[in-house]
Amino acid sequence: DRDSCVDKSRCAKYGYYQQCEICCKKAGHRGGTCEFFKCKCKV
């Protein structure tokens, strides 16, 4: 789910969010972005 993406998809310092994006999409969201090194899913 959405919260597990935050734990699983740590974001690199310079905005590498491929894992975050994939995790969020699998959880049924439109994608994800990185904020403060954490993955945030778009609704």
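Placement of Cβ uses the backbone N, Cα and C atoms for every residue, glycine included.
Counted within 10 Å of its Cβ, the other Cβ atoms near Cys5 (disulfide bond) come to 23, all protein chains included. Look at Swiss-Prot and you will find Cys5-Cys23 (among others) tagged as disulfide bond.
According to its DSSP assignment, Cys34 (disulfide bond) is in a strand. Positions annotated as disulfide bond by Swiss-Prot, on the basis of similarity to another entry: Cys11-Cys34 (among others).
Residues annotated as disulfide bond in Swiss-Prot, with similarity to another entry given as evidence: Cys20-Cys39 (among others). Counting every protein chain shown, the Cβ of Cys39 (disulfide bond) has 24 other Cβ atoms within 10 Å.
Residues annotated as disulfide bond in Swiss-Prot, with similarity to another entry given as evidence: Cys24-Cys41 (among others). Counting every protein chain shown, the Cβ of Cys41 (disulfide bond) has 22 other Cβ atoms within 10 Å.
A gap of 7 Å separates the Cα atoms of Cys20 (disulfide bond) and Cys5 (disulfide bond). Proximity to Cys11 (disulfide bond), judged by a C-alpha distance within 10 Å, picks out Cys39 from the disulfide-bonded residues Cys24, Cys39, Cys41.
Highest Cβ count within 10 Å among the disulfide-bonded residues Cys11, Cys24: Cys24.
If you compare Cα positions, Cys39 (disulfide bond) sits closest to Cys5 out of the disulfide-bonded residues Cys5, Cys23, Cys24.
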